[in-house]
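Student: Structure below; questions to follow.
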């Protein structure tokens, strides 16, 4: 952990997306990070964003992305740019020696992400994606239960979904439905989380086979608005995921193991900021399934999950900056695996739900 | 409803399966039905069952299935025999003028069930399958919500699962894993309910396409122990189902519509006998998904859901017996549709997850 004498990691916000508001607040709340700068394609836009988000006077305002890359008072960049711009700007950030907190999906495809990671490795910078729920203390508790061979046993199936109904304006104008901006649509924006949950429950082992489910909905540009998929692993482990911009909120995980069951109703964004719950159910009987009733567990968090994310990112950056540590490999590794599954589902969607083998990827 | 002056419908229990205990109690609890007889392949077994279940002295004990068919004091039969025996004994029951409450899955395939239904029609007897949850007053409330165009809007996706972990002895010896007895395995025994839920939420419209998910687990005789499937309808409606004998209890429905979300944690067998709950969540915002929090609803029931089922069955039989009504077509129609989807998933499993079109079936 960062000690109190360490200087907070100075983070620059590169792009003024809506999500950047949440992360700006998170940077403020994280004890080991501070907002140092903000950049937009126009100085005006960056200024407006800084004011709207109550940035301190000391925060530098940049009128171009190039300019923030050259700012010597910035250690790391938070990059919430449209996905299609990630490969260019994340690589340039790495080349400028900036550590990177990159919004998800991390790239348009895994080969782009591999280029980003190569640039980060070459320049000794940390990269982590913006999957907030991974950093909530609840997630550590979920992991504890899922990998408890007594209480949960071996995983058999996990179902995870993330849907949010958007409005007409979003469906026409939002970058998330534009093929040249966030061309992975709902799969990249929402499915990312559901896939991550499936991988998380499988200890980040890649599935053997991925198949899109029939019934994908595309917009007129071919961008996914809604889709589902099935994943399968060795030993009969399976997962199904669902994501949609067209359906009301759903953000569930249901995982069944040989001995236990886990349910989470709000895994992506908890109902409350200061605590989050999950339900477990222990060994049932065939003729009396509720011999053991579901139990609700509650996990408190000092700071919101997005601030936990920033704290972890800044901690890793601090290790490199202050102690000469090597960049951590866990986070980019799971980003890559998530992207691989996104890519495979997209490929299956494009091939009429054909089964895609992930062997060797 | 049966009036108090109507004689209760006299039901014979044909086969002493474990589930027959539950239904015996249900017949007792239903105000318009009474247990009149019980049959097993041996008089001894039937006697033991009658005693173990506290049957009154007046209940006739039959040492063969043929014998109960000829009993003039039996109006209707509850048939919990292994699925492979349904086609023979349900047809013989119909030919003997007995109304039929038939355990699910109703047959090994839809063509067998069509023969059963034809025999029932020819003989003017009622048939209904043993899907208990359909009769819980909660189910009527779920329907109200799902078909409320304001609160729920149009269905987009439903996920339903039913898993129960069985023991080693079950996996070796239970009829549910024997190809010549309940050859549909977990798909017929548990998947039946999940499929029914998907059809229920789609107002019993058949899906266009059904595809098994990769990762089906079969036993050494080729009987399904665990599988999943995806279903898709016109207008981008989709469903995913999961069933397993190998995973701990799960019996969830999550349905997302354009405006609302429905969650049920215990749809097959409620946690409690006298009431059951479900959760709804109304219109969410993209940037504030929990602008409206989930609300829990509770629905009381005077008698357990299985007794509600018997009551509804006896009511329909009473209409025929006492008022000369025609047999009701709703229940066999939805049994048939459920069986059709069971068959299609089985076919897809056998064809390496190929998409099966239900057009024209």
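Placed from the backbone N, Cα and C atoms, the Cβ positions cover glycine too.
Note: TrEMBL annotation is automatic and uncurated.
Since this is a predicted model, take the numbers as computed values, not measurements.
Sequence annotations record features per position, and here TrEMBL assigns domain 'Gfo/Idh/MocA-like oxidoreductase N-terminal' to B:9-128. Among the features that TrEMBL reports, domain 'GFO/IDH/MocA-like oxidoreductase' is placed at B:146-262.
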Student: Count up the helix, strand and coil residues in the domain 'GFO/IDH/MocA-like oxidoreductase' (B:146-262) according to DSSP, in that order.
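Tutor: Helix, strand and coil residues of the domain 'GFO/IDH/MocA-like oxidoreductase' (B:146-262) number 30 helix, 40 strand, 47 coil.
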Student: According to DSSP, how is the domain 'Gfo/Idh/MocA-like oxidoreductase N-terminal' (B:9-128) divided among helix, strand and coil residues?
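Tutor: Helix/strand/coil tally for the domain 'Gfo/Idh/MocA-like oxidoreductase N-terminal' (B:9-128): 54 helix, 26 strand, 40 coil.
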Student: For the domain 'Gfo/Idh/MocA-like oxidoreductase N-terminal' (B:9-128), provide the mean pLDDT of the predicted model.
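Tutor: That stretch averages a pLDDT of 96.
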